[in-house]
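Below you'll find the structure, written out as structure tokens, and then a few comments.
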Amino acid sequence: MEHTHAHLAANSSACGLGFVPVVYYSFLLCLGLPANILTVIILSQLVARRQKSSYNYLLALAAADILVLFFIVFVDFLLEDFILTMQMPLIPDKIIEVLEFSSIHTSIWITVPLTVDRYIAVCHPLKYHTVSYPARTRKVILSVYITCFLTSIPYYWWPNIWTEDYISTSMHHVLVWIHCFTVYLVPCSIFFILNSIIVYKLRRKSNFRLRGYSTGKTTAILFTITSIFATLWAPRIIMILYHLYGAPIQNPWLVHIMLDVANMLALLNTAINFFLYCFISKRFRTMAAATLKALFKCQKQPVQFYTNHNFSITSSPWISPANSHCIKMLVYQYDKHGKPIKVSP
């Protein structure tokens, strides 16, 4: 993320928001970090209990959000800009910047396979458990993490476009456009297309009730996450492109305020997912309350009952109960590697 405070620290009047950024980012870190850690704990229990692909993706998303809060909110904004009030040496600073881009790209792109997973679950339910299963999900998550890190290496040369003496180059334009495409335009296009298909499918079959708790709740969580992401990240993308192609900076103070607000909104996305899950999912809300109660009372949580094998029944969610006897149910159990094994009914 761009540095706008360190080079303005010598002139306190240059920071139009005063102490608002440091208070905001401190609050965001103190709120978001425990919330995401609690999310990881709860989703880890759900993954062990139910072996659902969607829980694995949400778990990976929470882990990526923790990395974003650490590298960007703590190291970049709080430690460097407000505590040290000076920029780090060039090489360590650039390495941290690569890790920042890697974490934010991972946080965004881990939602893409989750969207694809929900699309298959809703639109192709009979194929869902042969396409999406725990072993494959873990491979997809690992691939996203590795790919996002490797593709973030070129951001070692990311320019600070907000300095007054910045000189634009063609390489900088390429990096900025790649950033805008990879963190916003491409993911939002995928979210919009697949979510539109899912909504169309749900509306077309609105006279039937969804079978299964997780399909409806997870899909609602997906819609909420992607909608909030598109809304909160839009100001940052607009600011970057406007500054790159708009008029030269005439009022650095105003630009500084606008960029601060844009970054605040974008990073808010990493701290609120826990509260969205609690609002939408009763199961998640109940487990969160139980975990917090056990934590504050320093007691172990009750031992949950786990079966030796995880079973799931795959059928179309649009089949009415009256005609369900005409449909052959496909029952899958997972082996020790998380791959589905079809069992004859």
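Think of each number as a place in line: the chain as shown, counted from 1.
Keep in mind that glycine also has a Cβ here, set from the backbone N, Cα and C atoms.
The N-linked glycosylation site annotation in Swiss-Prot covers ASN11, and the record cites sequence analysis as its basis.
The feature topological domain 'Extracellular' is assigned by Swiss-Prot to 1-21 (among others). For the topological domain 'Extracellular' (1-21), the predicted model reports an average pLDDT of 58.
For the topological domain 'Cytoplasmic' (43-57), residue counts in helix, strand and coil come to 13 helix, 0 strand, 2 coil, using DSSP. Sequence annotations record features per position, and here Swiss-Prot assigns topological domain 'Cytoplasmic' to 43-57 (among others) based on sequence analysis.
Positions annotated as topological domain 'Extracellular' by Swiss-Prot: 79-94 (among others).
Per Swiss-Prot, topological domain 'Cytoplasmic' is recorded for 116-140 (among others). In terms of DSSP secondary structure, the topological domain 'Cytoplasmic' (116-140) contains 22 helix, 0 strand, 3 coil.
Per Swiss-Prot, the feature topological domain 'Extracellular' maps to 162-173 (among others); the stated evidence is sequence analysis.
Summarising the annotation, Swiss-Prot assigns topological domain 'Cytoplasmic' to 195-220 (among others).
Residues annotated as topological domain 'Extracellular' in Swiss-Prot: 242-260 (among others).
Feature annotation from Swiss-Prot assigns topological domain 'Cytoplasmic' to 282-345 (among others).
The annotation transmembrane segment is assigned in Swiss-Prot to 22-42 (among others).
Tertiary neighbourhood of the transmembrane segment (58-78): same-chain residues 1, 3, 5, 21-22, 25-26, 28-29, 32-33, 36-37, 39-40, 43-44, 47, 96, 99-100, 102-104, 106-107, 110-111, 114, 141, 144-145, 221, 225, 263, 267, 270-271, 273-274, 277, selected by CB-CB distance under 8 Å and a gap of 6+ residues from either end. What Swiss-Prot records for 58-78 (among others) is transmembrane segment.
With a threshold of 8 Å between CB atoms, the same-chain residues lying at least 6 positions outside the transmembrane segment (95-115) that come near it are 1, 54, 57-58, 60-61, 64-65, 67-68, 70-72, 75-76, 88, 137, 140-141, 144-145, 147-149, 151-153, 155-156, 158, 179, 182-183, 187, 190-191, 194-195, 222, 225-226, 229, 269-270. The transmembrane segment feature in Swiss-Prot is assigned to 95-115 (among others); the stated evidence is sequence analysis.
Non-local neighbours of the transmembrane segment (141-161) in the same chain are 2-3, 56-57, 60, 64, 94-95, 97-99, 101-102, 105-106, 109-110, 112-113, 168-169, 171-172, 175-176, 178-179, 182, 240, 243-244; each lies 6+ residues outside the stretch with a CB under 8 Å from one of its CB atoms. According to Swiss-Prot, the transmembrane segment annotation covers 141-161 (among others), on the basis of sequence analysis.
Swiss-Prot lists 174-194 (among others) with the feature transmembrane segment, giving sequence analysis as the kind of evidence.
Annotation comment: Swiss-Prot describes 221-241 (among others) as transmembrane segment. Long-range contacts of the transmembrane segment (221-241) within its own chain (CB-CB distance under 8 A, at least 6 residues past either end) are made by residues 58, 61, 108, 111, 114-115, 118, 161, 176, 179-180, 183-185, 187-188, 191, 195, 258-259, 261-263, 265-266, 268-269, 272-273, 276-277, 280-281.
Positions annotated as transmembrane segment by Swiss-Prot: 261-281 (among others). Using a Cβ-Cβ cut-off under 8 Å and counting only residues 6 or more beyond its ends in the same chain, the transmembrane segment (261-281) has close neighbours at 1-2, 21, 24-25, 28, 31-32, 35-36, 38-39, 58, 61-62, 65, 68-69, 72-73, 77, 107, 217, 220-221, 224-225, 228-229, 232-233, 235-236, 238-239, 288.
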